Amino acid sequence: VLLAFGKDDVQSEALSLACEKLGYECNLARSREAVLETFQSKSHEIIIIDTRNPKNIDGESICRALRSLKTTQYTVVVAVVRRSTSEKEDSSIEPLLSMGFNRVCLETSSVTQCMNELLQLYLSDVQPRLQLATAQAMYVALDKCSDVVHITDQNLNVQYMNRSSERFLGFNMKDVAGKSLLETNSVDNKELMVQQLQRGREWEGLISWRRKVGDSVVLSGRVVPVCIPGRSPTHYVFVHESQNTMLDKRMSGTLVKNSELPRGSNNRKGSADMKSVSSDGLRRQSIAKLHNLSIEAPITKVIALITSVQENANIEDVQTLDKVIDILRTTELYSPQLKDDKGKSGDPVTNDLIGALLSSGPSVTPIARRSSSDSGSVSKIGVSRNTFKTGSISHQMKELLDTSLLWDFDIFRLEELSMKRPLVYLGMNLMGHFDVCSSLGCDESVLHNWLVIIEMNYNAKNTYHTSTHAADVMQATAGFLERERLKQILDPLDEAVCLIAAAAHDVDHPGKSSAFLCNSNHELAVLYNDLCVLESHHSALAFKLTMSDDRVNIFKSLERDVYKAVRQNVIDMILATEMTKHFEHLAKFVNVFSIKKEDDSPDGGRSSPDIGLLTAPENIALIKRMLIKCADVSNPTRPVRMCVEWAVRIAEEYFNQ
């Protein structure tokens with residue numbers, strides 16, 4: 001407390017004693033210059049100025065001088081006036097408040113009254129100002145952070161944006177102050193977001209932000225409602241990671257000299273926790289970046305244009321355009337087909353010959369729908385069960401395999417326990433769960449031998465494309481097959497095909513990419529004409545190994561037509577893992593299964609397709625392609641420790657290349 005009194009009197013002594021009893025530090029200044037000098041050296045929280053007699057000290061000029069200093073923003077300045085001032089009817093404290101005084105106190109010689117006044121000043125004036133000072137520190141921190149931060153009122157009108165927002169979006173505070181944040185920026189299902197925020201709950205998702213240059217960018221983040229307990233939210237805080245945040249985090253976590261890090265897998269595993277704190281944000285940012293990619297298949301544009309034309313067309317045209325869209329959604333757009341001329345019967349032999357000439361090769365034959373108990377397509381042989389002895393499995397292995405269908409299954413622990421032979425153990429476990437032997441009509445010993453020979457042909461020198469990766473993809477595939485939706489669509493033989501394709505999808509991978517093999521004139525690239533080199537090799541070798549001996553031929557008991565369908569489905573799934581065809585498969589999947597709802601639908605947007613569409617043979621093949629693709633690249637969705645280990649392994653393999 002700083003007392004500005006021209007001379008000692010009863011009032012100054014009472015205030016000094018009150019400060020002493022309350023434990024407040026008190027200084028006394030006699031002149032304007034002394035007041036300014038003392039304040040600048042100690043930055044007092046309360047300044048009490050005597051304004052009763054300007055001859056002793058000019059309190060009004062002292063107040064003006066103090067308020068001219070930037071450092072008095074959070075200081076409480078009090079004027080002491082004569083008691084007679086309150087007795088005058090025309091007296092007003094407005095002039096004093098206009099000068100810069102915060103409070104006006106009547107003179108008193110009572111120490112108790114002075115103590116009460118000081119306590120009121122501290123609790124009602126000083127403390128709120130200290131909180132404002134803390135809030136100012138938070139604003140400084142917000143301006144220094146790299147996240148895009150907006151604060152709005154209860155109506156979502158912008159009240160504040162930090163400097164990172166200004167740099168990233170191009171707008172300054174004057175451009176957006178008081179404007180609705182959702183007028184210029186778009187959110188999917190805005191009503192749901194607003195409803196959740198009004199209930200005081202956090203919302204997390206994607207917002208498309210418009211930038212000053214004219215384009216838009218999708219950012220992932222969250223919105224936090226701010227409210228007094230028991231009341232509705234008064235403000236909302238929007239926090240989104242900018243596209244530079246991910247790079248900054250990665251750089252901050254990797255700026256370590258190589259000489260300080262020993263080589264070896266043990267050190268590599270120690271990096272698992274390095275990104276654990278920010279992993280959720282990084283994954284959300286990955287999703288946002290995918291939304292920003294300007295990737296769209298031409299067929300998607302065509303269907304979108306046709307759909308927009310349908311909105312203003314008559315019923316006949318709409319029906320015709322629906323047929324056009326159905327035709328465009330087929331895969332063989334340029335394959336010639338015989339016209340179905342009902343007026344002419346034609347020669348069936350001629351039609352068959354022409355049909356054979358027009359055929360572009362074997363297509364993916366749908367597997368006949370049948371139940372697990374149907375053995376009509378399996379040769380009549382005895383099927384021996386449980387020949388794979390589990391007694392040789394350790395207790396630790398058994399406990400681990402009991403969790404084989406969980407998404408956080410520890411594949412690296414299985415790799416360790418199995419002495420780098422995880423495919424055999426996990427394969428027998430998962431294929432036993434899905435009763436693959438019954439679906440194929442083979443003995444469990446044959447299935448076991450098949451898994452052994454497939455695993456033997458994975459290159460153990462690779463760091464990523466090993467039998468551990470194959471086992472991991474098969475485990476993810478099994479996890480997907482456990483979903484109720486897929487159980488309604490796929491029959492037991494479909495499930496067997498999916499697990500077989502997953503187990504063999506990278507067999508004999510050389511640890512080099514297809515592009516590398518083509519550029520280096522590798523014998524595999526020459527053999528397969530630079531087309532789907534690795535995937536063609538994987539599928540061809542898988543069947544070559546399977547047919548090499550009856551003791552490993554898991555397809556031996558299948559009838560010819562069923563075997564042909566199974567073979568084509570396995571090949572189709574393995575070829576679908578080629579990443580150069582990724583967006584082609586994705587666009588096809590989205591076009592087929594994203595069905596636009598009717599305009600009078602209560603929730604609008606897009607809906608899930610009905611079961612009839614899902615069970616169409618060509619769509620089942622598409623589902624299985626997407627299933628193995630998702631399983632093949634599922635590493636980032638695993639627990640962080642395993643995700644990091646997979647990332648290190650594939651990075652090492654690429655660098656070796």
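First residue shown is number 1, and so on along the chain.
Each residue, glycine too, has its Cβ placed from N, Cα and C.
Note on the domain 'PAS' (134-204): mean pLDDT across this stretch is 85. What TrEMBL records for 134-204 is domain 'PAS'.
The annotation region 'Disordered' is assigned in TrEMBL to 252-281.
As annotated by TrEMBL, domain 'PDEase' applies to 389-657.
If you look up TrEMBL, you'll see His465 marked as active site, proton donor. Taken residue by residue with DSSP, His465 (active site, proton donor) is part of neither helix nor strand, so it is coil. Cβ-based neighbour count (10 Å, all protein chains) for His465 (active site, proton donor) stands at 23.
The annotation Zn(2+) 1 binding site is assigned in TrEMBL to His469, His505, Asp506, Asp632. Of all the Cβ atoms in the protein chains shown, 25 others lie within 10 Å of the Cβ of Asp506 (Zn(2+) 1 binding site).
Per TrEMBL, the feature Zn(2+) 2 binding site maps to Asp506. Secondary structure from DSSP puts Asp506 (Zn(2+) 1 binding site) in coil.
Remark: secondary structure over the domain 'PAS' (134-204) totals 35 helix, 16 strand, 20 coil, with classes taken from DSSP. A C-beta separation below 8 Å, combined with a sequence spacing of at least six in one chain, links Asp632 (Zn(2+) 1 binding site) to Val473, His505, Thr577.
Residues His469, His505, Asp506, Asp632 make up the record's Zn(2+) 1 site, and a Cβ search at 8 Å around their centroid adds His465, Ala470, Val473, Ala502, His509, Thr577 from the same chain. Neighbour counts of Cβ atoms within 10 Å were compared across the binding-site residues His469, His505; the minimum falls on His469. If you measure from the Cα atom of His465 (active site, proton donor) to that of Asp506 (Zn(2+) 1 binding site), you get 7 Å.
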